[in-house]
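Taken straight from Swiss-Prot:
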- 5-70: domain 'J' (DOMAIN)
- 133-211: zinc finger (ZN_FING)
- Cys146, Cys149, Cys199, Cys202: Zn(2+) 1 binding site (BINDING)
- 146-153: repeat 'CXXCXGXG motif' (REPEAT)
- Cys163, Cys166, Cys185, Cys188: Zn(2+) 2 binding site (BINDING)
- 163-170: repeat 'CXXCXGXG motif' (REPEAT)
- 185-192: repeat 'CXXCXGXG motif' (REPEAT)
- 199-206: repeat 'CXXCXGXG motif' (REPEAT)
Amino acid sequence: MAKRDYYEVLGVERGSSDAELKKAYRRLAMKHHPDRNPGDKASEDMFKEANEAYEVLSDSSKRAAYDQYGHAGVDPSMGGGGGGFGGQNFSDIFGDVFSDFFGGGRGGSRGGAQRGSDLRYTLELNLEEAVRGTTVNIRVPTLVNCKPCDGSGAKKGSSPVTCPTCGGIGQVRMQQGFFSVQQTCPRCHGQGKIISDPCDSCHGEGRVEEYKTLSVKVPAGVDTGDRIRLSGEGEAGTQGGPTGDLYVVINVREHAIFQRDGKHLFCEVPISFVDAALGGELEIPTLDGRVKLKIPEGTQTGKQFRIRGKGVAPVRGGGAGDLMCRVAVETPVNLSRRQRELLEELRGSLDDDNSHSPKTTGWFEGVKRFFGDL
């Protein structure tokens, strides 16, 4: 099944900014996260698809490659390079094509030391941890150099030998009709060396699977989609090649009270209709503790109050955002007889004066005009 276009997956245009990409990814990640959709295979697939798309498009080099070559530019099975895939670079992809047809002298580019693959780890945080910063220990599966053979793949006391088929180049040249075609050596599989006496621990691979426990320092202000790079904590390279990197991708869980949009926080504050009518003072929760909010008389549902500086300080610097509190006026329920009597008395007193409910009065006048025009 063909992969969908990464921009289509995130629902953005090709020229979208990094901020737009991040916002689109955050929306999809929140919507389809497995914690919010347990047992929903479709949502799980969409979550993985969004992760894959954002991993490519949020990296400038990968995005440039994807924009130019499409999925082939970032697909490891097609030779795509870049973090997280550990594949070849693009000169390898297209250089090999011309080498195959015209016998170009690129043999050996695949053999020898190769850099280890980059790894990706999704780190779940609550909102408080993301806003204040934290240090978290994570356990990551990876490939490390085999200690008994020191990464050579050969049993201790022996060494890999030059492949006699390709002479250590890693590729062989074959004649196909009028063309001289260069192909990966079938004996050493492009490594240029063979192991006649493989290590018992790694079976000649030179690397073994292992879990690493790492301490990750998360800076204050991170948000869903942000990445922390741990240099040299990816998979070990082969034949002495450098180790890849580990990218820790942040995913902030949904909060019970606050919603976040960039550096601003939003919450809904329920108030009684009495406080809405007469005004009052409420204690509002913030991430730094409680603050008092004055409610003016005549406050309506939907009225939004701004508490400055009680949002989030962005990870890349700048002042903290604001906390936006939206009022929701509650209608009382389960009234006692006395309470009903008081409300009936209040309703009777209000019916004589339309100035108490200007919106209601205006709405009914509009209805009358509407039917009068029919």
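Yeah, the Cβs are placed from backbone N, Cα and C, and that goes for glycine too.
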Check your understanding: So what's near the repeat 'CXXCXGXG motif' (146-153) in sequence-distant terms, Cβ-Cβ under 8 Å and 6+ beyond its ends?
Key -> 159-160, 195, 198-202, 204-208, 236, 238-240
Review point. Under DSSP, the repeat 'CXXCXGXG motif' (185-192) has how many residues in helix, strand and coil?
Key: 0 helix, 0 strand, 8 coil
Revision key, fill the gap. Not counting Cys146, Cys149, Cys199, Cys202, residues with a CB within 8 A of the CB centroid of the Zn(2+) 1 site are Lys147, Pro148, Asp150, Gly151, Ser152, Gly153, Ala154, Lys155, Pro198, Asp200, Ser201, His203, Gly204, Glu205, Gly206, Arg207, Val208
Exercise for review: Identify which of the binding-site residues Cys146, Cys149, Cys163, Cys185, Cys199 has its Cβ surrounded by the largest number of other Cβ atoms within 10 Å, counting every protein chain shown.
Suggested key: Cys149
Practice item. Go ahead and report the DSSP secondary structure tallies for the repeat 'CXXCXGXG motif' (163-170): helix first, then strand, then coil. Key: 0 helix, 0 strand, 8 coil
Check your understanding: Including all protein chains displayed, how many Cβ atoms other than that of Cys188 (Zn(2+) 2 binding site) lie within 10 Å of its Cβ?
Key -> 24
Review point. For the domain 'J' (5-70), DSSP counts of helix, strand and coil?
Key: 48 helix, 0 strand, 18 coil
